[in-house]
Amino acid sequence: MQTQIYTYDTLYQAAKTLQEGGLVAFPTETVYGLGAMANNSEAVGKVFKAKGRPQDNPLIVHLAKPEDAKLVASSVSAMAERLMEAFWPGPLTIILPVKPGAVSDKVTGGLDSVALRMPRQLETLLLIEMAGFPLVGPSANLSGKPSPTKVEHVLHDFTNLIDGVVAAREELTEIGVESTVIRPSERQIEILRPGAITQSMLEAVVDVPVIERTAQEQVTSGQIISPGVKYRHYAPKQPVYQVAAQHTLDDWCEIIAELQAKGEVIGLLADDIIIEQLASQAGIKACYSLGAANSPSQASQRLYAGLRALEEQPITLILAQGMPFEEAYQAYENRLAKASYRVI
């Protein structure tokens, strides 16, 4: 199999590949997704196999327009419609009751619900429309590894293993971390996975409580209905040590010196200020910038790209900058925590 690279002008070829049961990765504003027709059980099975993804980890179904939710959901509540109107297209995944027989049982992981999203990416919306039915689209990476935010990341993991990838016009995806996942009811909204759509943003458009459910709460309850919660994710091959936000530059220097004394060869993932101060310090072999200091959007956009870039360097350990306990950094901190071996 030779992996084809599709562009805006060749989307019709990508759509035909999907209709024939192939796998085509596509860009979104969050990360690249690995696409297959959601109603083709064999194709969906190929997604799990290609990624090495556990079968009980449900997939998000990507829609071309809000009304397509009724193709796969048995009901769409007024609350869900309000959220779609406010945040679609965009990085919000909404869990609704699944319509029996509408999608492969593999999509839902045996649950009676389905996760739906309308991405904010022109090429992908056109691709779904051309394919003629919604597409599954888990992150287009090997399970457990950092999610792909560049077409090169997809090709690194899947060259000659999938049929094709649609290349975005942008070098990096806009947001860089996966969508917020929610379960709405008439009484409350549950956030099951944090993302760019925050609790306060949701509270601004609904008149019911918005409650966050941690991954641990979901695992303990035995109710894992959100993708990307149950298993370890986003980890490069080297261990990642998260340096807690309260540490000063002097603390960083001490941490680096202690690790160097133990023989560690360090890669640094941090904002411009920290890198400028520490890049020349002994023991730092490679650096990747998270962008300007105090920029949650840049940090999130560059997190996975940084982990992937440093993974390719001759280092033994990645020191990654922890961020303040603020809502704007919640998605970044959630993903970094999943990637990290320890916090120091």
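Each Cβ is built from the backbone N, Cα and C atoms, and glycine gets one as well.
Annotated L-threonine-binding residues in TrEMBL are Thr30, His62, Ser179, and among Arg117, Arg120, Arg302, Arg308 the one listed with them is Arg117. Rounded to a whole number, the C-alpha distance linking His62 (L-threonine binding site) with Tyr234 (ATP binding site) is 21 angstrom.
The number of other CB atoms found within 10 A of the CB of Thr30 (L-threonine binding site), across every protein chain shown, is 29.
Counting in whole angstrom, Arg193 (ATP binding site) lies 14 from Thr30 (L-threonine binding site) by their C-alpha atoms. A count of other CB atoms within 10 A of each Cβ picks out Ser139 as the most crowded of the binding-site residues Asn57, Ser139, Ser147.
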